[in-house]
Amino acid sequence: MAQRPQLLKKCLEAQPVFQKRCRAMATSASNADVTTGSIKQLQGDLRSGARSAVEVAKEYLERVAKTEPSVRSFLHVAEESALEQAAAIDRAIEGGKALGPLAGVPIGVKDNICTKGLPSTGGSRILENFTPPYDATAIARLKAAGAVIIGKMNCDEFGMGSSTENSGYHITANPWDLTRVPGGSSGGSAAGVAAGQVMASLGSDTGGSIRQPASFCGVVGLKPTYGLVSRYGLMAYASSLDCIGPLANSVEDAAIVLGAMAGHDEADSTSEKQKVPDYTANLRPASELDSRPLAGVRLGLISETMGEGVDPGVVTAIQAAAAHYEQLGAVVEEVSLPSFRQGLPAYYVLAPSEASSNLSRYDGVRYGLRVEGDELTSMYGKTRDQGFGAEVKRRILMGTYALSAGYYDAFYKRAQQVRTLIQRDFQSVLSKYDALLSPTVPTTAYQIGEKTEDPLSMYVGDIMTVNVNLAGLPALVVPCGLDQGLPVGLQLVGPAFGEAELLRLGHVFEQTNSTWRNADLPELVVAR
Amino acid sequence: MKLPGMHAQGVRRGQALKAVAEGLTAQDASAGLEEKYEAVIGIETHVQLNTATKAFCRCRSQYGAEPNTNVCPVCMGLPGALPVLNARVLESAVKLGLALHCTIAPRSKFDRKQYFYPDLPKGYQISQFDIPVAQSGWVEVDLPVEFGGGRRRFGVTRAHLEEDAGKSVHGGGGRLSGSGFSQVDLNRAGVPLIEIVSDPDMRTGLEAAEYGAEIQRIVRYLGISNGNMAEGSMRCDVNVSVRPRGRERFGTKVEIKNMNSFSAMQRAIDFEIARQSALLEAGKDGEIVLETRLWEEGAQRTISMRVKEGLADYRYFPEPDLPEIELTADYLEDVRASLPELPDEKRRRYAAAGLSMQDVLVLANNSDVAAYFERVLGAGADIKAAANWMMGDITKYCKAEKILITDVAMAPETLAELIALIGDGTISGKIGKEILPDLLKEGGGAKQLVEKKGLLQISDDSAVEALVDEVLAAHPKELELFRGGKKKLQGFFTGQVMKKSGGRVNPALMQKVLAAKLNGQ
């Protein structure tokens, strides 16, 4: 913790003069600094020969080099392998071969997802020199679809945290305000997309770790239904809740990335055998939409998420979003989830319980950090003491306690019962509504260091996201406005395997929401 | 053929008692203690399954490979790796559960048993805690005739699936203490095991050993494990407590490990019973503590390894990486239909066919012997005749040659052929015995050998008459004595005719002809 003021100072020094710039979400690819544009546009450019995959990769790597000193969203930039992958795409284009849906797309990968030959630390010092000999299934599928892996994104250690301040390596800044956190635990993945360092990224979401940083950084984030994307190769935090999902500049990009990695995987026994639809099939551009494109759609606004403890600016933005949906033809009604407030405590029993078990493998015996000791237990103790950060230790202790003989029924078992209750509540409400609306987080991005001394205050920030994980449902976060210059994300929760409809609802919103199109992103590159 | 020689070890019980008496107390420990005290014995048996691959990954499950060659991210516990249940493993567990007359849970699950050890890659073992695949069953055994025989039923509390850990190798010999380093071989990590927990139903070392041997036979009959104790594919941990007869409450139980044969198990238990009985008798109840003791084969005694201080907390919780196991009624029926005849069923069948229990135990209890015997029967041989050959000459031959039934060259069908040749009078039983060693050693057909050696039985009336005439002509003195009333000499003539024929004459026919001729017809 002693290093924090220094880091903060560094971040502040790196903070540029704010230059107002029109953030063109999916229109311009001409700006030399801010590399934007959609995946589909990029595919068009590559096919027409307007740009090569290597040129695109270089553009992004340059952008990374310029912005990284201030944002610090990466733990590892994979320049060499990225250029090799891009060159392979170019050869495929030259050879007239069929291109995958992500051909040449520069992607960032959260560091808790295993990438063959690239360091994968999960943001933990205990895996400082660990390079996995295998790709996570999601990575293997992205690569097969032609993706170019730009690097590994910073995160809270093993996904435990909501600000990326629990990374064992460094703090990442929010591109909207470098003194603020990007959220977490997929903070690097969200900041990387917001800062234009990557076109899309992978995050993981156990209690909100994709959605909360997406909200803080003003990008699209999707937590898929549990079991839709294989967990094989994702460093387990809480196995029954963990999901890999995409973060992107637009709903369409997120849909394309999701489609490339979703689907059954034999290596993950909890992966579902559902057939994967084309998630882009129902995404129509604004020009093709009529005046009431969502007529017949029923949306429930979760009343428990709009009251006390939620920033007024956030409430205003969500109300505006709800009103916008009504204008689009949808019926929006307030709904109540009686079990809503019980989710957070249940989550903070279940997730640490599983974590205490999942993190047992980091023992210094086979890989990663080993601190020698006089005998076995002291080696274990020293290795885990030096390798794990404070938050990880806290959760291991909480989980170990909750699973101990004599406490199991009072904690773990009871939390599982709450989980069932929450699932039932969602089920009953989702039988009446196509999707549920809520804020993603009660606040916008807070200051770096603001909540690190009070873990509970940070846990409370997860109140709107954890229930979705407990119920295993999909949820999409779409930027819906600004509160005092900081992004607010709208969360849409759908029924299990209802991703296609969620994406359609998010896409229509995004295509028609003019307030967001004019949002301002500060210029990140230090003035030359 | 290696006969179950283990029972001969039972007599050592007295020696164990004596050792205890000498070592622990001055009094005569053996006098009356067995009448006064009763042991309660429960057994946990770990059976390593012989599936081609491990329980939760595709690595080969192979004994004796180079260290750390059959490993992958899953069984090494690498970050992000996930288990996938091997369907064969589940099938083996269901088979065993059914063979043990257990109730098979239509829905069961896996749990994590958590502890730190270098050879446990994930820091937890995937096991089953509160809902095992199988529970509430039993096995029935027939005790050896030489120990009074009798039939016993022992309850099976449960049988559950789990994965094995790796193997720790300590530098400078097998022991942890004093070694400068330790190495871990993860080839065994993730190899499937079934743990079978018995009810505390056994009362003697013999009963415990018989229970263990029956489990071994069952897994071998089912073909789900080689059940080899020396290799560690089958391991038995035994809990022993002693209480005064008539008391209901159990005494303090002691766990015994490190027995690599059933005979060792029997001796270890009997030693432990004697040790605890002597302590109780001496009023030293407090010296019987909750502990794990090791059986020392060399010294024939148990020694304390570690005292259990409270119960270990393994923090079991449901394994979130594996879905619940659901077994449909159809699946269970399919597995049930695929079960072979089990050892106890075989014993009942042999006994019902009229074999003595002694024969039944030998013929049914060793799966190789039983398989051989079944083929003899399958080729049409009479069960009693076949049993006599198996129990008599064939056993004798194997013992003398120090070989197993699987090593003999004679096909089981040849034994059936031999029995048939004797039965239809083609050869005599004596000739049969004579040619058996050749068949056992060289193989080949029985009739073929008989013909080759010119040993066909002489059953032709005129040929037998000619033989008898020749013998009578050659021994006029004896013939005169016989006709003078010395009827005992008929045996002499019989021997002479048999000798002259080279043993080939049909004995019944010869007796008839001889009697007629002797009596002057």
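Just so it is clear, glycine is given a Cβ too, placed from its N, Cα and C backbone atoms.
A TrEMBL annotation is a machine prediction, not a hand-curated record.
TrEMBL has this to say about the protein:
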type	residues	note
ACT_SITE	A:Lys110	active site, charge relay system
ACT_SITE	A:Ser185	active site, charge relay system
ACT_SITE	A:Ser209	active site, acyl-ester intermediate
DOMAIN	A:55-503	domain 'Amidase'
Sequence-distant neighbours of A:Ser209 (active site, acyl-ester intermediate) in its chain (C-beta under 8 A, six or more apart): A:Cys155, A:Asp156, A:Gly159, A:Ser162, A:Gly184, A:Ser185, A:Ser186, A:Gly203
Assigned conformation of A:Ser209 (active site, acyl-ester intermediate) - DSSP reduced to three states: coil
Cβ neighbour count (within 10 Å, all chains shown) around A:Lys110 (active site, charge relay system): 33
Local confidence of the domain 'Amidase' (A:55-503) - pLDDT mean: 96
Cβ neighbour count (within 10 Å, all chains shown) around A:Ser185 (active site, charge relay system): 35
A:Ser185 (active site, charge relay system): secondary structure state under DSSP, collapsed to three categories: coil
